[in-house]
Amino acid sequence: MGRGRVQLKRIENKINRQVTFSKRRSGLLKKAHEISVLCDAEVGLIVFSTKGKLFEYATDSCMERLLERYERYSFAEKQLVPTDHTSPGSWTLENAKLKARLEVLQRNEKLYVGEDLESLNMKELQNLEHQLASALKHIRSRKNQLMHESISVLQKQDRALQEQNNQLSKKVKEREKEVEQQNQWDQQNHEINSSTFVLPQQLDSPHLGEASQNTNVVDNGEVEGGNSSQQQGAANNTVMPQWMVRHLNG
């Protein structure tokens with residue numbers, strides 16, 4: 001006898017229900033993968049167990065991209081067909097979407113930090129590894145870019161400081177040269193002033209005074225001698241008349 005048709009109702013036996021869920025879940029995920037490969041379709045499957053455990057399948061293991069595409073498509077449909085956002089049904093649907101998206105993001109966050117990896121198969125683990133490697137590559141690229149930019153900025157600052165240092169050194173050398181020239185000028189002026197001070201001292205020395213006195217004495221002697229000789233000559237040359245001699249004698 002062949003298998004009978006299964007009656008679609010809740011399985012009361014907990015163990016049978018868990019076994020059936022495991023088998024049907026594996027078959028559903030397998031069928032989703034098959035339709036994705038055979039028909040080149042993008043498939044996104046999300047399943048939550050009675051305990052709240054998440055099972056999902058996404059083409060190329062990119063559930064976020066599928067959800068974003070679904071949201072864009074739903075938003076476009078809503079724009080074409082106006083709906084009443086004030087109705088409780090629309091708010092309930094929107095709340096369910098946000099909760100589902102939040103759970104997916106939380107689960108991916110745990111996967112990215114290495115948690116809850118037991119539910120992933122080999123392909124999902126490889127895809128996760130590829131995503132992390134790609135993210136790490138982008139992080140290192142950005143880090144190297146920032147490092148190169150920082151190095152270039154430091155090199156510019158170094159060149160600016162070297163230029164300032166060269167300018168300061170040039171100014172210091174010019175100042176030292178000016179000070180040296182000023183010292184030379186002061187020394188020359190000091191020597192000139194010293195020579196002008198020595199000449200009056202030589203003129204005022206006692207030897208020069210004695211020489212001048214002797215010269216004056218000699219000159220005065222000559223003058224006096226000349227005067228006496230002139231007086232003697234004048235006396236010798238003076239002859240009194242006879243009448244004056246007789247008058248004097250009488």
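Cβ coordinates are placed from backbone N, Cα and C, and glycine is handled just like the others.
Summarising the annotation, TrEMBL assigns compositional bias 'Basic and acidic residues' to 171-180. Residues or ranges marked as compositional bias 'Polar residues' in TrEMBL: 181-191, 226-240. The domain 'MADS-box' annotation in TrEMBL covers 1-61. Residues annotated as domain 'K-box' in TrEMBL: 88-178. Among the features that TrEMBL reports, region 'Disordered' is placed at 162-191, 206-240.
Sorting each residue of the domain 'MADS-box' (1-61) by its DSSP state yields 28 helix, 10 strand, 23 coil. Sorting the domain 'K-box' (88-178) by DSSP state (H, G, I as helix; E, B as strand; all else coil) yields 82 helix, 0 strand, 9 coil. DSSP states for the compositional bias 'Polar residues' (181-191), grouped as helix (H, G, I), strand (E, B) and coil, give 11 helix, 0 strand, 0 coil.
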